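Engineer: I'd like to ask you about the structure that follows.
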């Protein structure tokens, strides 16, 4: 079957250009004009009406909550929400129950993802059994079973010896190691950023050093082990300084930033509001400015949402007792496009690179994040001019725990194709 996308706007040579895209057998067959003259009529035609067509977004940091926490999310609902947000590939974090910490459990998750997901799912395995700081997983076995990377996300590996051995094991088999960086001895059970805002609200704070100290430890271990070390959801200026220096020294370090850390800071927390509780927390305005600067100068390699759905009950009451985490996969593009591209801090092409091309390249997801002939037809069609208000009622995730509800934004995802097939669009809304 062939599909022709007509009158698409694509980002080429630093600007938007109009073209057609021909899809055959799930892959991009041709990009250009008057393709029907060369290839004949297509079986199906999608009129893009001059809307923007992007390579599908790639999010390497998503919590699908399945198995074990399906009241929050499932593979099906989380990946449909991903398609709604324009994502065609997501990395499923391993903080589920049971933890994918053996080859058998990883293989089970890979099979379930293939059967139940609406988009491509790259499966993480944990670094250690049970996501503790003790026994390492069988790195060769979990890679053979289909893991694309390892992470203990949600928990920092607390002992340097365990982390170094893990890095050596991951490096030996060529698996990236993605780290939730948090030193428990410096954490002190805080619920938001330590500082004047936390003091005013009477809430326990989380110091910047609890993150930055573990980043500093880990980059030295990464240099010694040769692993691809990836810092999850970087949030502090100090962490960025360490990462910037590590890159300058030639250490194989990459990092991601989440949309909420680019768009919000602790000064936006004017009351005890669980919808603004996440880990790492919203930091100071100075930290937020440093993250934006890191995005602009290339220190930050990619954007990842840390999509963390919860039930309504888990996000009620006080920040002292509510669960950490917010959703983000359905709001990421629109909020970032509105705040960064419409204000000319970033070009559209650079945002697409950060949300699609670079995460795919750096994590070895070589078939994702590209709008080129021969690549899988993982594409997102977006109305860049449509302004709308983010509403909980339109979200397809089970979790509606978003601080962006009510925000006016531009950039409405109209349709998402995965391997040339409709994953989200009008037909899925019937």
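Keep in mind that glycine also has a Cβ here, set from the backbone N, Cα and C atoms.
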Engineer: According to Swiss-Prot, 180, 233 bind Zn(2+) 2; which one of 153, 199, 266 is listed for that same site?
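Structural biologist: Looking through 153, 199, 266, the residue Swiss-Prot assigns to the Zn(2+) 2 site is 153.
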Engineer: Given that Swiss-Prot annotates 63, 64, 65, 95, 310, 324, 325 as binding substrate, state which candidate in 273, 279 belongs to that site as well.
Structural biologist: 279
Engineer: Which single residue out of 306, 312, 378 does Swiss-Prot record at the Zn(2+) 1 site shared with 61, 63, 153?
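Structural biologist: Candidate listed by Swiss-Prot for the same site: 306.
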Engineer: Take the mean position of the Cβ atoms of 61, 63, 153, 306, the recorded Zn(2+) 1 site. Which other residues of that chain put their Cβ within 8 Å of it?
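Structural biologist: Along the chain, the qualifying residues are 62, 93, 154, 232, 233, 304, 305, 307, 308.
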Engineer: I'd like to know which of the binding-site residues 61, 63, 95 sit within 10 A of residue 306 (active site) at the Cα level.
Structural biologist: 61, 63
Engineer: Please identify, among the binding-site residues 153, 180, 233, the one with the smallest Cα-Cα distance to residue 65 (substrate binding site).
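Structural biologist: Given the candidates 153, 180, 233, the nearest one is 153.
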